[in-house]
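Worksheet: the structure to be examined is printed underneath.
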């Protein structure tokens, strides 16, 4: 220092100092120092240097060596002042003051590897010992020997160290500017940090005047420095970019390449804003102090750099654009890519043509060499083979071109994989690790052919990252601890509706904010909460804004380095935190008039409740850099973990916040999109980052606010900055909230966000007083939990976001089939894999239509899995326990509109929506369709194709293009998929309780509870990229519905609890899973089936052009039981549910709802209906194997179609009402069995003209066969049940009916005449009579012209007073008119009679069927005139001129005539019920189905009980009944059913039609004009039976058919003829009073009766028991404990009392005007149009005197009738009959009277052989009479002789043969009797069997013709001789065995008498066969009649 004190001039000293500064610091200065810049005062120890410009090249080299992320582009120092206290250099501080430091920086890449920062600290810190050596060193050469320590040197070094420690540095007015210049914009952004004052000193010497001891040999391990900052502020500026000083570090070489327009996605360009002036964005209040602790010795623990800071408070005011640009700066600063890896990209070159040819040749050679030489087991791929999908090949997505060609392993091992990165598509795609196509299986070959292209770390399963290195192995590098007293961040909204002065980008807004902030920033955080700050900030910021306020913020950052791993961790905690949105509503320009509304984005409870911070954020980032040797194969791995711990907080969720915050993310999204585009064009990512975020909160209060959707155009919408929400909201309290997010950049893996919680309680509030708990979700026990594992399943919400470039497994499989397996393409027979669908792929046809059925569980699971895997956004919700409660329809309607309309229909602002979704949701934003991922396609040379052949090339090109075209049309991601899984859930709804007339009941409500177990709801929108296609699927393993129509009101629960999911005690079970006793008996129910109980699939197609939305709904219900409860019309469970669900959609602005078309297909499999009457002691169960319902529901349309298909259903009855468990096989009896039933219902709303063009309601029904299996008691029970249901017996006690007059021949009450009837019959009589018509079923047929009848003169009897003259109409009784109304005398028939054709009663049969077809002698016809006296017909000429025949006068019918169709002149009916193609088989059994009685075991087990039913013969003419095997247990019946006693009544193809016509409205009503009368039709019924049969199946009877249609050669059956036809027309009475009057017409075809005595008595007993079992009286006191019907009868007094009550009520009803509908039908006219011949055979067996008397019993037992003939004459009653019973009585009386008077000879003609004798004489008569008759007629005597001979041959010959056959059979019977007498008892001979067989042969197997008769006669004789010889030999051998020769001789002698008689038996039997063949040869009808009359052999065994 002494040299500096020499008396030198100041100029010399200044020049010397300048030289020293220039020598040591000159390379950091841009210019040489001038003398003007330097001023010195060495004596006082002060110096000053001004206007210093830094050399950025040198400074940047220093920063680059330190690995700093910044480079300096400009630097300037205003002045540097140095003060050195020479007098007290060791004890006082040296000061260095830097004034006006201005540094401009910009981000740059780090050039060195991680971990160099710590080395830079030590390199730039020179020790004092080194400095002292340099100062005292004189010679530069090295010493010859090691230097020795010098004592002076140590002292000098100690002094230097002491001085350096006492240096204090002060920065005044420092400005640090960081600029960022994005390459895609001409505007740059800059962040300036203004520091008013910054003090730097050593902590050890701060405020210490004493000398600090220093040890230069052992420097301190830690050095602590103090930084004190004051007046810190942040500023922001946007500027136009200019050419900056070039950086010394090499820039990105790829940035200089020209950007191809085709490779950049076309994003909308935003207008570049103008440069903005610099404005303040932040300020720090209070003192800021940083303590920097440096570690100088690595042996000590702790970080090398430790910074501890305390900051008073920070206030930020940032616009969304500023946030985006600042984020861009931070992102640029955080880039840490290695330049070595980037330089490696320069070696990439595109593949040329030579490379492609080389790869193709190599591939062809390797394919020809076979797989054995290609694939060598790779030990690295062994773990990969254990993956579940072992056949799946994974490859780099970008390497889908020639770079993936197969080459040898040795060649590919030395080739850089990046050599072809720029070929074809690779430079346009984001490479990622994604599943590829299944080219080859590692399991098959041991190694994939592309193993060389696989990443080396592929053996690690995805999602399971490698474990990070332990913390002990990583050394701490840096530790930062900051404590902020307070923090506020204010982000104003950007709105286009504010004035320019209020633009947040305007500097005036920021200046006003910080000016107002200065008034309260020092006392901002002094209160206990933040409520007092709201008013202050409202003054500071007049714009809507988002504000974050925090107190006691602590930030801890730590960095650790070791082993190529760089780990950083950040911990942030807030003592108190509040995030608010402040909205300034209103359009007024005055700032003070705007209302302020706050939205609590996140607020916390009072901190006094807990000492913990309210929010803690833990962030950890780990980066692993591969070593230099493995850098080519591996990539940089970056993993980040964020854990957020929150205390109890409250948040408001408003979707409109996305609009208001959209500006924050808009610029970021665009900026990110451009960076992604740069990424497409520059390089592949060299790092993959795993991001894991977790948010944990013990309790959270979430308020879901419902937005008001606005779908109008943008110009018409409300300002997006305004908050538009409903008053009502959903408040949810969530416990143990856990949000977990995991994403991986650089791959195609989905970003997943999982939310779990333990409990959720939701309360709906309307903003006023209503608070309704509506939802509760809780955790549930895990049934599969293992010991020590998780015992509970927590509710979870999983959101997955898939990149748009993701290819679904379905498309990959299709690509595999189409593009790889070319032989399969060439094979047309190979079936393609069906596309996954929620509808069943198994085609089920009904007639010509394909049934739409939901998919089975496996298909549904595949569809959901594939859809979830290929959807851009997926939502999966799992609810272990859930309970939803709707206390009223109003609450449900409000929630429906809020959730389904407001939330789902809300859309963000179009300008901001894309940016928000891309920034917040997309894992890979803006990956456009231009960069679609291609799959690998094999070269053509692999298939040995000539590449020069244009034909073959074009062929394979077409296949390839077809696959591309199909994938292009179908490929695409589904937009959104949602899946909700409910393990156990319940929905409780309180419905409105309505009484009669739909009036609401006070103080009552209905309750509905729906329980669901293992349910799943799945929905997908924009399926496979189709905007107009969506699907909805619902599945559930178990569903239970409980209902109660009326429940007394009680208070709703305050808090909703999770129920026990048991049966609610106060509700009735309605729908539930079938019990085991029911489901086990259904064929469709199998124990191993995995069908869901409920399956629903909905396809939603939206036609945007027509604005029509079509719903295709398929519902499947499997194994369910419906418990039917009879209720009032508005109290049934379905009506209450439909009324509850019938809500009104609130209108949405700008949205016009589309027209909805719903096509519904409902399928019920193995379902049942359980009905338990309240006042009837029976149980009813209806089962159906398959029930299908199809309908189309179109809103605002007039037509509705509903179709039912019922397959294999049955009805069961049981008398065991006390059984707790339903056992179908044990306790129930099947009484009704339906094979197939189809029902179609069509409704029409009508039109505006009120004139019907089609029926308002139409029902059409048809079926295959209907089986009824009943005994007398079960049939009576079925009738009782029918009456009970028809009368709604559960709702009230049915009234007591009038006892029947006569049933089954037993007179229970003397018959009454029409005049003695009471004025009003009970209503039940009319209902029963009308029920006879409504129970009919339908068929098609044809109508024939009504044959005109003979005009009958008016009989005098018709002019007499009508017997119904005393009948009074109710209206006449009410009006007091007691006069007797007499029917007006009928006018002459030719004028006044109503035309039957006009009334729709045309005849369907005539007499032509009954007359001889050869004669056609018309005896009587209208227009014939007066017949001649001699009776011979005479031809009369009415016209002398020739007759002109006009062709086509009668129009030809277009098709067969429908008998059910009314005449054309009839009006359109209002209601139509049509039954067609219904066949009914009624099986009548003996015994009893109910009760404890059991049949005789011998009879019950007889062979007939097993075979007679199944061998029942059908109709020989036609058989419409399918021989479907019936379930044996169904036909088994009850314990007392006797199967040996069985009769079958079959009605084949029954048709029925009922039409009701509208009531007349006025006088102008259209009427039917018929003559002089006008009739108003009210209803019309047609009942047609095509064939009626009664079959005899009694074991004791040999009869086959009891009753059937008679046909013969003379009387053949007409085609399409009907056996029974009944037509009824109801018209309005002439006087207009009373009920409708009816015209009844009936026709019947000829009948044949074969009556067995046992069958006759069985039918009599059956119907007698049936009549006695029908009881319609149900006492009022009968309840659930009702007595049995067979219990003790009531007392006579009780019966009389009830009868009087019933009669009194009937009389009261009679007085009412509406009682006319309950009266019996008045038949104005009854006609039996056809004369029906009946042929009767009767076979008596035994005398019975118990039931019918002695004489009648003897007559019935001994009578034998054969072809007794009787006729039912035509009937025509015009005097009127009241009631159907009177019609039946009238017909029976007329027929019996006619039979007694006129038909006794015909009946007696069939007694014994009388029929044959009569036929014999009839043939002789015809032989002589017919020639005479023919000669008298036309003179053709030869024709008469032919007719006489034919009649003689058919009548006389057949009668003679019949008589001869009877004589022979009598001889045979006598011989058989003698044979039985003479035959010895032992041994049993076979002759008895032969006799038995001959009897059967005689009855059932008569030969068909003479040839067969001769053959059977020969066989009979031959077998008789053989049997006789065999019998003698057998007797002799047995006698010899027993007694020797004596026994043999004795046996032969005993056998001689029967042997003598045996030839007579054989001869008569052979003769009988011969005679029978001859008779059948002459009369074929006789053989057919025998076949129909007698059973076959099988039926008798």
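Glycine is treated like the rest: Cβ placed from N, Cα and C.
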Region 'Disordered' according to Swiss-Prot, located in which of 1260-1291, 1292-1323, 1324-1355: 1292-1323
Which range of 241-281, 282-322, 323-363 is region 'Disordered', per Swiss-Prot: 241-281
1191-1233, 1449-1491, 1492-1534, 1535-1577 - the range that Swiss-Prot marks as region 'Disordered': 1492-1534
Swiss-Prot annotation of region 'Disordered' - which of the ranges 1371-1414, 1591-1634, 1635-1678, 1723-1766 it falls on: 1371-1414
For the domain 'Chorein N-terminal' (17-119), mean pLDDT (0 to 100): 80
Helix-strand-coil residue split for the domain 'Chorein N-terminal' (17-119), DSSP-based: 25 helix, 42 strand, 36 coil
